[in-house]
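Taking it in order: structure first as structure tokens, then the write-up.
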Amino acid sequence: MGNLKSVAQEPGPPCGLGLGLGLGLCGKQGPATPAPEPSRAPASLLPPAPEHSPPSSPLTQPPEGPKFPRVKNWEVGSITYDTLSAQAQQDGPCTPRRCLGSLVFPRKLQGRPSPGPPAPEQLLSQARDFINQYYSSIKRSGSQAHEQRLQEVEAEVAATGTYQLRESELVFGAKQAWRNAPRCVGRIQWGKLQVFDARDCRSAQEMFTYICNHIKYATNRGNLRSAITVFPQRCPGRGDFRIWNSQLVRYAGYRQQDGSVRGDPANVEITELCIQHGWTPGNGRFDVLPLLLQAPDDPPELFLLPPELVLEVPLEHPTLEWFAALGLRWYALPAVSNMLLEIGGLEFPAAPFSGWYMSTEIGTRNLCDPHRYNILEDVAVCMDLDTRTTSSLWKDKAAVEINVAVLHSYQLAKVTIVDHHAATASFMKHLENEQKARGGCPADWAWIVPPISGSLTPVFHQEMVNYFLSPAFRYQPDPWKGSAAKGTGITRKKTFKEVANAVKISASLMGTVMAKRVKATILYGSETGRAQSYAQQLGRLFRKAFDPRVLCMDEYDVVSLEHETLVLVVTSTFGNGDPPENGESFAAALMEMSGPYNSSPRPEQHKSYKIRFNSISCSDPLVSSWRRKRKESSNTDSAGALGTLRFCVFGLGSRAYPHFCAFARAVDTRLEELGGERLLQLGQGDELCGQEEAFRGWAQAAFQAACETFCVGEDAKAAARDIFSPKRSWKRQRYRLSAQAEGLQLLPGLIHVHRRKMFQATIRSVENLQSSKSTRATILVRLDTGGQEGLQYQPGDHIGVCPPNRPGLVEALLSRVEDPPAPTEPVAVEQLEKGSPGGPPPGWVRDPRLPPCTLRQALTFFLDITSPPSPQLLRLLSTLAEEPREQQELEALSQDPRRYEEWKWFRCPTLLEVLEQFPSVALPAPLLLTQLPLLQPRYYSVSSAPSTHPGEIHLTVAVLAYRTQDGLGPLHYGVCSTWLSQLKPGDPVPCFIRGAPSFRLPPDPSLPCILVGPGTGIAPFRGFWQERLHDIESKGLQPTPMTLVFGCRCSQLDHLYRDEVQNAQQRGVFGRVLTAFSREPDNPKTYVQDILRTELAAEVHRVLCLERGHMFVCGDVTMATNVLQTVQRILATEGDMELDEAGDVIGVLRDQQRYHEDIFGLTLRTQEVTSRIRTQSFSLQERQLRGAVPWAFDPPGSDTNSP
């Protein structure tokens, strides 16, 4: 299929190639005894031995047990044992006394229809073997799913006499059939076979539509792609789906009165059948044949291939100008269509598959064979060669020039083709791969060796073992021959009008059927729900031309990736470059998969997924290595595990963080590593600026790229405009509220909304840690967990808290709702769903996003009413504004990214403030309940140790309050911090624990540690010192004292936990405690990075580079970046190295989990930094939307994966 001589009916292996290298081919010899040494065969059957044979490699005997065929490479002397041959499913055509290996169509290997249904025992045996193969391939052998699937198949066979393959099983089976094809030289690409499932086909008309789409996809404007379309399986008591043509594209052969043939003599019979069925021939040498297609129990029907589908290449020679005048041509796509596909005992008589040509198939076989076009002598005469004697080697010279012309012409036309030297070299690599992976590879030497240059290719010198595995492709009798099956008789000729109408109907169906069967999987990983919302929008867009499904990453089985066609990923990045919580299992499984370009003998390069995700950069030598290999790869290289996957990724994040979109970058990188094909460069949306606009531009580009790749969809841009238009997004008449009998229970409601386990803690105390003279507040919140197992934690972990909105804000918003339900009435939103043919009828369906609750409860506990509305929501509000001016202003804000971002940045308005700015906007209750984002949990570092405070969780929280509009706007409050500060003992707090395994003290207490945390960045370190204090006092340990670097404004106002730290230092927890004061009277401003540089430079270098110690940094993004840069400079200075080298050292420290960061979001003092980042993002986004830069471009200096 990469090269089709293997299985296509272009009969006749090269003459005289039985040779000694075919030993072990006969199935009757079996694997029980080793193949005899070639030296014992008659000398006339042996290739000449090399003059200087290299010594044989040491023999590695297979495990004790049955003897396996011994296979030698006579060129290099290596010897292997083919253990896979013991799994052969079928005897070959040979007998103990006769070798029939050179027969083209051995009768024993033909798939003939059985007179009756297959015996259930035989079918079950084959089915079990295949199901076992499938589950072994996905590493689920013996699992509950495996056993359950076997039981399902057994029950189905018992009830119906047959069974149906799942789609993933069909994909696996079709790829394995190609992998097992012993006559195919191009199998190294078996993993890249694109499988189209056409088992729902019901008529010859539908068959033709599927086939047209197959040709269009596989041809791909000359950049050929291997593909197979599988039609319904053979069923007892019913005729077969059959394609009468041996290939989808063939040239006609017209028998002349003198017995000669004009055109291709191999196709005379099918040409005459087409004429009998109404085709009007053209009588040319290269007329493309129509297709004869047959549905079960119906006569065959004739279909003309639309000319625009068939790509042909006129043949010319690079130096022989007269060659073009010969008028030769050949088609681009070799697509075998008359072979039977067998998978697990099921037979698919119609399963056309295609790849690309090896040049000798055209130049030597099709054009030069005497029983084909037979142009050899004509070319030799034109070359002035002496054709009177064979000793002039005129045949060889002419054949070479014809092959040169074929290669030159295909390359000139930019049509995929491979020469026989490259193809056979790739087959040797495939043999090596298969020997490692499966212990052998079935191969028919007589078909693998090309028809010219035999001993000049490496396969000539390679012994091979031929045997037959399942799944497999098998030959089958022509449908019009032998005992005629029902419906194969010749019917009346069709008129030209009837044929033309059939073509017209088929052309109109093209694309529709393709869209129905090209499935797309859209995966999202989300912390706040925004990635999920984007994924759902992407699903609506792709529904225009594909069959998409939208799944959360934690709902997806990663092994399915190997059988996917198209995957789109939309994901956020959490905290310090980590996956969102619902993406962690996906990330771990993705890292465990193996790929073709990332194997490494060095174990240190197999990093944990979080560490590697945070370390991936273009400067990583491992990444650079496989990217170089990927760029240099071709159709003669092996495909990765995801060889048939096309993918694209969009990441959400903030450029204020040092690991901007790190998880999305890593998924994008990893999918390519595993062999997937990227349709579009990574898209990135910055929450500081234009995130929604960036997503919409990327989504449109991704949709257009996918449509072009799979040859579906007509107007991608129009579809995207339709999907993202405000008129389509929300319609008042499609939503209503329905009264519900049951009221809200808060904890189950939060579990429903956030799709995670929640627990209820209670307040023990809330204490202000700052001086009463301070204008700010930092509180210590003590929670009582009641000993709940779900709230167990380790120091360094995070706690997620679900706060409510302020009651005053909720009441003010309720007063603006135009049609509020009764204040105490629980309601649910219902949406009017359109009916679909064969699906449920139109009707009202409940929106599952929120549990039944009152409108006040929804606005209080579940919906975000304080964040600035998105452009999408502003577009909806513009359609509800009564004043034209307000409508225009809202529309302008929603459409102009820069204007929106400036408005949002200056005002940071809540929803209520937007309504005050645009008072004519009507506010339906269903709009609030369906379009407002969810109120997200707030995360805090745990500030305690369970050993010191069992049953408690402590939080250190800065209470946030600020004014917008340069300090002149309304006062805004932190949702969670303000709520926590107002709680009383006994008040409930819904919460949960999120582990942070990469931010924990080392298990070895003797390793030195440096802790850096200004302000509330000291929070996790309080748990650290409490744990160490417990180890000292309760376990008698003597850990190496740690160093703490703390920062605050003023020693008299906000020096948090000063007394606790002094006590811990006195007890041996800390060796040094250093504090930086940024607002201390009569002292210069000092920050934690200044302390590191001036007082701890030598210690930082010693701890990190000489003593294998650890450094922990906790704080906001600006501080963390400054500390990182300072540490880099310290290592460069103290270690006498270049700055770039120091950056690499920090990368290694991260990989070794010795440089730890716990970074939280933007604070008020980061405005200068974020303003600069927003300016960069604006420039980048505008250039992306103009197409001036790729979606993955980063402005200079913004490589957030490098220190």
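Note that Cβ sites are derived from N, Cα and C of the backbone, with glycine treated the same way.
Among S608, S624, S1034, S1177, the residue that Swiss-Prot annotates as phosphoserine is S1177. Between S53, S114, S600, S870, Swiss-Prot assigns phosphoserine to S114; no such entry appears for the others, which is not proof they lack it. When the candidates H798, H1101, H1110, H1156 are compared with the FAD site entry in Swiss-Prot, which names R938, Y940, S941, T956, A958, Y962, V975, C976, S977, the shared residue is H798. Matching 491-510, 531-550, 991-1010 against Swiss-Prot, the residues noted as region 'Calmodulin-binding' span 491-510. With S526, E527, T528, R530, S572, T573, S654, E687, Q691 listed by Swiss-Prot as binding FMN, the candidate from C661, C707 annotated for that site turns out to be C661.
Record check: Swiss-Prot places R365, A446, W447, F460 at the (6R)-L-erythro-5,6,7,8-tetrahydrobiopterin site, and the matching candidate among S85, S102, S125, S738 is S102. Swiss-Prot marks one residue of S57, S836 with the annotation phosphoserine, and that residue is S836. DSSP gives Y357 (L-arginine binding site) a strand state. For C184 (heme b binding site), the nearest neighbour among the binding-site residues S102, H798, T956, judged by Cα separation, is S102. Shown in sequence order, S1078, R1079 are the residues of the chain, 6+ apart in sequence, with a C-beta less than 8 angstroms from the C-beta of K1085 (NADP(+) binding site). Most Cβ neighbours within 10 Å among the binding-site residues Y357, F460, Y962, Y1087: this distinction goes to Y357. Of all the binding-site residues listed here (C94, C184), the one with the fewest other CB atoms within 10 A of its own CB is C94. Calculated from their C-alpha atoms, the gap between W356 (L-arginine binding site) and A446 ((6R)-L-erythro-5,6,7,8-tetrahydrobiopterin binding site) amounts to 20 Å. According to DSSP, Q247 (L-arginine binding site) is assigned to a strand segment. Look at Y475 (heme b binding site): DSSP puts it in a strand. The Cα atom of A446 ((6R)-L-erythro-5,6,7,8-tetrahydrobiopterin binding site) lies nearest to that of Y475, taking the binding-site residues Y475, H798, Y1087 as the candidates. Cβ neighbour density within 10 Å is lowest for T528 among the binding-site residues S526, T528. Distance between Cα atoms for R776 (NADP(+) binding site) and S526 (FMN binding site): 33 Å, as a whole number.
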